[in-house]
Amino acid sequence: MVTQNEQTQPWRTVTFAVSFYMVTSLVMVLVNKWTLNGIAVPMTFLWAQLLIAVILLYVSSWFGLLKLPVIQGDITYRLLPLIGVNVIGLTVNTLCLNYVDASFYQVARALVLPITVLLSYLLLSKSSSVMILVSCLIVCLGFFVGVATETHSTISTTTPLGIFYGIFSSFTTALHAIVIKRSLDVVQGATMDLVYYNNLLSAVALLPILILSGEHAKVYDMLWDSLDKSGTEGVYEEAASSNMAMRTFVIGALITVSGGWWVGGFVN
């Protein structure tokens, strides 16, 4: 017979996991916004986060915490839809945060639930209950009220472009969840294998975007200026600014990746 303590234990675990996820996600948003305010290379910052995540996976493998798969061409080909959606989604998420206030970021992406329900019906033929549809209606109303309030605020730095990126981000996030569900079959349900493929291939796919956006030149200048210790007072000031930007870049990347790592560990 199941005791009352055994019945309440899963609820305590779920409550702790959800609470930890909410708090850590909020901290990660704030740290990301702080970092983006201090640097002018958002796509490079995103690429660095993916690279650090891959490095952490390798470190975990070296310590025997998990076993990484060998990259296979056929699996890579079948995962291309996931990689494409992931790269576009992460890019749009970063741009959204770059163009909206941190306090408005989740509101700008609030349409994730309604779009997920719609895509689940269109792509997976899964219908939703009346209560879920009512929840979607409430979310939509909250989104439009939030956008109307934010756009008429005199102290907000949120731009129409940021709101557009938020809506686009909601779509890519909803689509990403559905694509992940299908992609798990490609790796026989091995979640960590999918995480490894996703982060590694996304980091590779993001490199052309960095080059096309011209951020590689900005990163080179930032690195060069931070190492320049000679010259006039103006050069010293520029070097100090570059050093601050580089520290912001590194600290922000490490904190957000570590936060995501801990969230994944507790939720799983």
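If you go along the chain as it appears here, the first residue is 1 and each next one adds 1.
Every residue gets a Cβ built from N, Cα and C, even glycine.
Record features, source TrEMBL:
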DOMAIN    19-227  domain 'Sugar phosphate transporter'
TRANSMEM  12-31  transmembrane segment
TRANSMEM  38-59  transmembrane segment
TRANSMEM  79-100  transmembrane segment
TRANSMEM  107-124  transmembrane segment
TRANSMEM  130-149  transmembrane segment
TRANSMEM  161-179  transmembrane segment
TRANSMEM  194-212  transmembrane segment
TRANSMEM  249-267  transmembrane segment
Exercise. Which residues, given as numbers and ranges, are at least 6 beyond the ends of the transmembrane segment (107-124) yet have a Cβ under 8 Å from it?
Worked result: 93, 96, 100, 132-133, 135-136, 139-140, 142-143, 146-147, 150, 158, 162-163, 165-167, 169-171, 173-175, 177-178, 181
Seminar exercise, completed: Under 8 Å Cβ-Cβ from the transmembrane segment (130-149), and at least six residues away from its ends along the same chain, one finds 104, 107-108, 110-111, 113-114, 117, 163
For this session: Within the domain 'Sugar phosphate transporter' (19-227) only, compute the mean pLDDT.
Result: 85
